[in-house]
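Quick look at what Swiss-Prot annotates:
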DOMAIN    9-41  domain 'LisH'
REPEAT    87-128  repeat 'WD 1'
REPEAT    130-170  repeat 'WD 2'
REPEAT    174-221  repeat 'WD 3'
REPEAT    224-263  repeat 'WD 4'
REPEAT    266-326  repeat 'WD 5'
REPEAT    328-367  repeat 'WD 6'
REPEAT    372-402  repeat 'WD 7'
REGION    390-415  region 'Disordered'
COMPBIAS  398-410  compositional bias 'Low complexity'
REPEAT    403-440  repeat 'WD 8'
């Protein structure tokens, strides 16, 4: 079996080929393939009907993408959404893209996680295990072994194995209150920058915890926030964490020393979301900061964004200096995502909109999707770019910036890194309207 496909994906491919051959009257070829696959594929007339158009649909989506001439570094989402994914019974709280495949995970107040095929707009499975609201999800983990992590109001973090039907392989207890945010920490290692065994969680118990996903042990607790920590983001090289919450004071943590490197003062209300700028944004943010030249791309955690219930987005440098305040949303700002191309910042809010801010034009709001959802928009994620020369499992992906530009442990940045990534022009949003929307080329 191909290492690029899970058992489920391989089975669906086989069914699609059999159904396609039958639909174009190549009955002998269809029968021969069924005979060769034997009991590994169970297919009846109803299954044939279901899968007969799937192969063509996949193929035309590939052709459509190949025909796109637009520069992906300038692509911005526009209405209408390509897909509206419905199935959750309560508000959607979080979404996350698989780093390689066309899978999207969404979490909800209904205690479930749903796995969707975002290309087809179809539900793949529902994952159950949490007993209260799922507050965040994230894909990552050791090289060659992508996992899905989830956290919940039930005080736990759970790890799920996508290659084994999303089996719950580990539960991480330890927090004393709701776990609000969870992110895999990149290793920064050459050739596999986004892989790593560490996971960070943020909680209403006012702490950040670092976990080893291979053992399930909490290896470090970061204390310093004086109220609920709602959001956390790791730097691309895994050296720093940027976190914020109800105390209104974001903190930049040095993971090696477990100490606060910088604090950021300015917000007037609870901070709902944080983001670390990719290296591709450095030239534009350096201009806004008044710097004569941008920081080297080998440096991580140079610029940051925060979104707050005070309805503003603020941009900062690593010393805690406020660069710019972005005003435009009419309600709580709930999620942020830097464009992998570096020129834009995207935001969603309880005003039901998606806003696109141009970092090259003094952070002017250049697009508003006013009908993004029918209720508060709670979450936003950008599909991580793919590294073109990744390994067989494709596990050398990045999360928002050219991975090879990150420097860790003396590894020199690759000057050709920008040519090695493929930006996926896809975002997902979730809402209190219980829907997930996919905006894509």
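Every residue, even glycine, has its Cβ placed from backbone N, Cα and C.
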Quiz item: Where does the mean pLDDT land for the domain 'LisH' (9-41)?
Solution: 81
Quiz item: When you scan the chain for residues with a C-beta under 8 Å from the repeat 'WD 1' (87-128), skipping those not six or more beyond its ends, what do you find?
Solution: 4, 6, 8-9, 54, 57-58, 61, 134-140, 146, 148, 150, 152, 160, 162, 165-166, 194, 375-376, 378-384, 386, 390, 393-395, 397, 399, 424, 426, 428-436, 438, 440
Quiz item: How does the repeat 'WD 1' (87-128) divide up by DSSP, counting helix, then strand, then coil residues?
Solution: 0 helix, 23 strand, 19 coil
Quiz prompt | the repeat 'WD 3' (174-221): DSSP-derived helix, strand, coil residue counts | solution = 0 helix, 25 strand, 23 coil
Practice problem: Kindly report the helix/strand/coil residue split of the repeat 'WD 2' (130-170) according to DSSP, in that order. | Solution: 3 helix, 22 strand, 16 coil
